[in-house]
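Sequence annotations record features per position, and here TrEMBL assigns Ca(2+) binding site to 28, 50, 51, 79, 80. Taken from TrEMBL, the feature Fe cation binding site applies to 377, 548, 671. Residues or ranges marked as domain 'PLAT' in TrEMBL: 13-117. As annotated by TrEMBL, domain 'Lipoxygenase' applies to 115-671. As annotated by TrEMBL, site 'Essential for stabilizing binding to COTL1' applies to 102.
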């Protein structure tokens, strides 16, 4: 019998694939790399990416041709090494697959087409994606998606953080780059030498005189601002200005009524007010302000070099005079009103300067632990882990947020291991070292509110809208508005109406993460509208970039002249007014080793690193569509205008405020 064979010829098509290797150190590879294209109709075989000569060199784009059956619209690329971008061209269509990740060994990564889709599973093979995501959560990178709490000393009531004890265990793309890692380690040693610590680190004695410290300070690396701090530190107007434009510009509040535990009378302060005016009248005019460090009351203090350390919990009353200077007019160093807790006044000579020094020391400890570490670093980590857990990389809000979380996990793990760990640098130099630091952060955490992170609302709640020369407020509001406008544009592109936000289950589930579901914070339990989502996203980006820059960048400027910001006090707050010599002040502050240790820390944390991604820069092109790219360009233009306005303003200021210049603001908490 005869046998007939019917040969079916399947049409084949050619896909042009462009693969870009990351332009960072050690990004290239000589290993075999494979790729699979997955479309709405079918998937290709697995192909080896190989051209004659050297492929996948750092920063290079290599082009390959893949011949296979027609796949439909491409939605996935599966590739196997640091890849920046994969671009596939077919029949006059271009599909972009952003990556910006390292792949090691036999690891395989699936890349989604980059136009941004907020329903992850609405295109093809829903169950396949669900199973794949669950499997990835069980893999070697699972620790980057898991929560834990600080276990040391039974710490509770703090935000959860990533379950990873060593930054080297993070996925490579979440670690410092090779360049930044080397520079960061070098900066620590460089700080020691620039400050002379390699010669003085063994000192443990108190400073014997201001002249000795001044000699050391003048031979170390000074900045323009730190020189002004040294010059004006004793001036009342400069003391007040630091509540507006120093490292901790978020504490001051309008005072409508004198607290009962701070019994300041008109008789005490009237001579420091305008003539023929009184305390009540000035309060009604909106000229009286208060800073209250009640959260430091009763905190267990540290022991350094076998010496007990001390911490005040002050109340400070300030007056806005007709020259538009904010001046302190009364200070009480402890919370309980009693005879052994006097109210210090500007007429108290050296005792007044000593009282201001205790206030500045209290401010440093609160600033480092709450304003900086808790309110920027720890919250940025919560936002980061929640984003990684809940939002797939194809989600437009993942693309919007993840650039503002660059290196955050790495720097925070380092902070937990080096700065606030048992026996860490904070324990060696600060009055709140030991258990005290955790108690301060716990108190700060329990008092957090959502509105306090939304700058326009916080300014209004504190009643500080009318204080002149409040550059933190003025610059911050401009940047908040620019970020808000950018976020609004992105949301309008992806969410046409409120219903789209409500139906985005991946977004809504973010509230189950970290601390975001804590009712007392005031964060909404869900996002019912585009407007509420816009506010939340603006807050996240502002906190991770602008707010962190505002409270971090000036540390060396304001802290290097140690008498302005003593990190610890070696003597208890005075219980009576008495005639003092200036030498008593320097003997009340930290010993030389503690001082120099903290100077090195603040120098390193304020250092400008070569690898810096500033606000508005998005080197990883996660958004591939034209409209989001246009919005990024508009955002940069808005930032350039703000830069010009701040630069122009600073030309006429005695102490320039530069920490919120867009060119200074980093895109993320990365230092």
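Including glycine, each Cβ sits where the backbone N, Cα and C put it.
The residues near the Fe cation site, meaning same-chain residues not in 377, 548, 671 whose C-beta sits within 8 angstroms of the mean position of the site's C-beta atoms, are 372, 376, 380, 408, 411, 552, 666, 669, 670, in sequence order. Remark: of the binding-site residues 377, 548, the most isolated position is 377 (fewest other Cβ atoms within 10 Å of its Cβ). Around the Cβ of residue 671 (Fe cation binding site), the number of neighbouring Cβ atoms within 10 Å comes to 21. In the predicted model, residues of the domain 'PLAT' (13-117) average a pLDDT of 69.
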